[in-house]
Amino acid sequence: MEVWLVGLVRAAWIAATLPILIASIPSSRLRFVHEALMGFSKRGKTMQSSSYKFTVPQRFFCHFYVLAVVWTTLLLSMTWMYAFKMAPLVSDPSLVYSTLASHLTGGSHMFSFHKARLTPVEHRYMIWRSVFLLLLMEVQLVRRLLETFYVFNYSPSARMHIFGYLAGIFFYTLAPLSLCCTLAPEVFKFAAEQAAEFIVKGKQQMAAFEFEWWEVVSPLIKLGWLPWIGAAIFLWGWIHQHRCHVILGSLREHPKQINEYIIPYGDWFELVSSPHYLAEIVIYAGLLVASGGAELTIWLLFGFVVANLAFAAADTHRWYLQKFDNYPSNRRAIIPFVY
């Protein structure tokens with residue numbers, strides 16, 4: 001089951017990324033692909049009123065995050081319980097010394113797609129690393145859900161294409177799963193066995209599930225420095241994106257101030273038209289680093305995020321240039337000084 005699930009997830013990311021890459025090629029022969037994809041991705045301010053066919057309200061963005069929070073919470077709780085009960089990180093010196101170099105760097109196959117056979121200890125660390133990644137993803141998604149209710153006041157007339165809506169459902173279903181897809185079959189099997197045991201024995205005959213919070217949390221501290229460096233990168237992007245969203249939310253009341261849409265404390269985020277997209281790339285780069293870089297599925301997830309946001313940012317950048325005569329000429333679409 002693991003092989004086909006991982007293969008299916010990877011194939012889905014490749015299939016979703018390729019059209020964006022093709023549409024980004026500056027060729028007149030591929031212009032129809034670019035225009036079709038751009039039409040599907042338009043929403044809010046970049047969508048013309050004449051294009052409202054096959055659209056849904058933009059406030060439906062909240063559906064993405066409700067789904068994602070529920071799905072990620074389920075994956076996180078199952079994986080965390082599985083890790084706690086089936087993959088404890090012991091402090092046996094013979095195990096520690098034999099894999100010390102591996103764990104200090106976050107994994108023996110760091111930034112390598114080579115899949116050597118994992119030892120039981122390495123497998124345990126991989127399980128807890130998945131818990132760590134899902135926990136970061138949960139933090140991101142809960143914030144985005146709260147922002148849809150309390151930061152973004154979507155106009156009743158704001159629309160998005162139904163294709164974009166379905167793409168959002170696709171992304172927020174697959175992204176959390178990509179962080180643990182190699183472990184998902186054994187985690188799902190464990191959860192199914194626990195549920196079956198509960199049904200057969202009943203609550204009274206089930207063994208009591210006892211734990212101390214430190215025992216549940218402490219393994220995350222033992223993962224090495226690489227996951228925590230990734231978490232720091234993630235947090236930096238997370239804070240920047242929230243500040244960008246607060247500014248964007250306030251611009252609905254003062255739309256003429258779009259030229260002032262910059263990070264108020266001044267850094268290279270102010271050199272792009274879509275700093276919130278750049279922050280999102282930083283967030284997923286943090287997840288990639290925290291994973292150790294050995295899982296191809298997470299690389300494909302990151303590739304889709306970069307391709308999709310770069311394509312959307314270019315469209316937004318063109319809209320700003322057409323809409324505002326005095327829009328800063330030194331800004332790029334999403335990557336400072338580059339693109």
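Heads up, the Cβ atoms here are built off N, Cα and C, so glycines get one too.
Note that TrEMBL annotation is computational and uncurated.
Feature annotations, reproduced from TrEMBL:
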- 211-339: domain '3-oxo-5-alpha-steroid 4-dehydrogenase C-terminal' (DOMAIN)
- 6-25: transmembrane segment (TRANSMEM)
- 60-83: transmembrane segment (TRANSMEM)
- 95-113: transmembrane segment (TRANSMEM)
- 125-142: transmembrane segment (TRANSMEM)
- 162-184: transmembrane segment (TRANSMEM)
- 220-239: transmembrane segment (TRANSMEM)
- 281-314: transmembrane segment (TRANSMEM)
Residues of the domain '3-oxo-5-alpha-steroid 4-dehydrogenase C-terminal' (211-339) by DSSP state, where helix covers H, G and I: 91 helix, 2 strand, 36 coil
For the transmembrane segment (60-83): best-contacting stretch of 6-25, 125-142, 162-184, by Cβ pairs under 8 Å: 162-184
Mean per-residue pLDDT computed across the domain '3-oxo-5-alpha-steroid 4-dehydrogenase C-terminal' (211-339): 83
